[in-house]
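A.B. asks: One structure, as structure tokens, below. Some questions next.
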Amino acid sequence: MIHTNLKRKFSCFVLVFLLFAIICVWKKGSDYEALTLQAKVFQMPKSQEKVAVGPAPQAVFSNSKQDPKEGVQILSYPRVTAKVKPQPSLQVWDKDSTYSKLNPRLLKIWRNYLNMNKYKVSYKGPGPGVKFSVEALRCHLRDHVNVSMIEATDFPFNTTEWEGYLPKENFRTKAGPWHKCAVVSSAGSLKNSQLGREIDNHDAVLRFNGAPTDNFQQDVGTKTTIRLVNSQLVTTEKRFLKDSLYTEGILILWDPSVYHADIPQWYQKPDYNFFETYKSYRRLHPSQPFYILKPQMPWELWDIIQEISPDLIQPNPPSSGMLGIIIMMTLCDQVDIYEFLPSKRKTDVCYYHQKFFDSACTMGAYHPLLFEKNMVKHLNEGTDEDIYLFGKATLSGFRNNRC
């Protein structure tokens, strides 16, 4: 019996102790909630935290004072200095690149071309390694590179043999002037770029050789205003005469001459004898604008590339890509160039529409491509971020130059 009473007393004691503990915990929780609520009242809102680390009206950071209109006290907070995380440098084209960047195979090719000198180059101008500011180089290009087309008054195109074949309308009345233009390379790094819509938003778009838009619209767009083709394609591509790819926009054909040859000299010895194919095309498509670039222009451009380059460059004409860039700088206020300077998608795949691998497509073998890219990087007025993410370089055209 005594044992049972002790058991009951002990149970009551435990219950009282638990009840007391619960009351204490509840009271402490209430006090904590009150303190938390009070802290929330004076906590800085996130929107004001953002203001505190950037520019803000001066009143926010001055001592507390009364708003004379509202009679409400304005709380002030101390300025918070944001710690800026250092940005890693973006790996983009170095405008001071030299042949030391080439692999042994491309170095050997470069030396072979120097020895061959197929086009009898004998450069006697200034340089190498002449330095120009961006604006001075633009002026130099504008004044010394004449972008013009063969006309029916040029001998021997003024003979009966050529009567009716060349376009009657002057190139400059047919093309431009435009405000914002795009030059779209054929580089493999354009694949999966998703740049199509951006490219098509330009006033005019220049493409090269047989680079298609069908099946690649998302990456390269659909618009073609000018297509620059080389004489090798015109003479060897069987589909050239009938493929609809070559009936959209304005066609410009170029063929390299011997160094600084005039039109009659070049006509006697073209690099590729495209003349009969050109006539056949004009008979099939008489309304299609199809111009022939004067052969002096590529060598005028080559002279300037050699002048500013620290090394001897290949004695071969500039690439179609570089010629197209200069053509559009003549016609447009602003030229956006896509994947001439490689982006983060850089690849040894030469073309976005073919599976052909060769590092020469980026670094150059036949053409002085490495130094062409140096020139474009020097002229670039866009950001390294644009180059890295989109492969986009932005150049000003010649029309707005203050020379």
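Glycine is treated like the rest: Cβ placed from N, Cα and C.
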A.B. asks: Based on what Swiss-Prot records, which one of CYS24, CYS332 is disulphide-bonded to CYS181?
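C.D. replies: Recorded disulfide partner of CYS181 in Swiss-Prot: CYS332.
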A.B. asks: Check for me: which candidate out of CYS12, CYS24, CYS139 does Swiss-Prot give as the disulfide partner of CYS403?
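C.D. replies: As annotated by Swiss-Prot, the paired cysteine is CYS139.
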A.B. asks: Can you pick which of SER186, SER189, SER396 Swiss-Prot lists for the same substrate site as ASN209, ASN230, SER319, SER320, GLY321, CYS350, TYR351, THR362, TYR366, HIS367, LYS373?
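C.D. replies: Checking SER186, SER189, SER396 against Swiss-Prot: the substrate site match is SER186.
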A.B. asks: Distance check, please: Cα of ASN230 (substrate binding site) against Cα of TYR366 (phosphotyrosine), rounded to an integer number of angstrom.
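C.D. replies: Cα-Cα distance, ASN230 (substrate binding site) to TYR366 (phosphotyrosine): 14 Å.
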A.B. asks: Measuring CA to CA, name the entry from the recorded positions ASN146, ASN158, TYR366 that ends up nearest SER186 (substrate binding site).
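C.D. replies: Nearest in space to SER186 (substrate binding site), counting only the recorded positions, is TYR366.
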A.B. asks: How far apart, in angstrom, are the most distant Cα atoms among the substrate-binding residues SER186, ASN209, ASN230, SER319, SER320, GLY321, CYS350, TYR351, THR362, TYR366, HIS367, LYS373?
C.D. replies: 20
A.B. asks: Give the helix, strand or coil assignment DSSP yields for ASN230 (substrate binding site).
C.D. replies: strand
A.B. asks: How many other Cβ atoms sit within 10 Å of the Cβ of ASN146 (N-linked glycosylation site)?
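C.D. replies: Counting Cβ neighbours of ASN146 (N-linked glycosylation site) within 10 Å gives 12.
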A.B. asks: Rounded to a whole number, how many Å is the Cα of ASN146 (N-linked glycosylation site) away from the Cα of SER320 (substrate binding site)?
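C.D. replies: On Cα coordinates alone, these residues lie 16 Å apart.
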A.B. asks: Under 8 Å Cβ to Cβ from THR362 (substrate binding site), same chain, six or more residues apart: give me those in sequence order, or none if nothing qualifies.
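C.D. replies: Same-chain residues close to THR362 (substrate binding site) (Cβ under 8 Å, separated by 6 or more) are ALA187, PRO342, LYS346, ASP348, LEU369.
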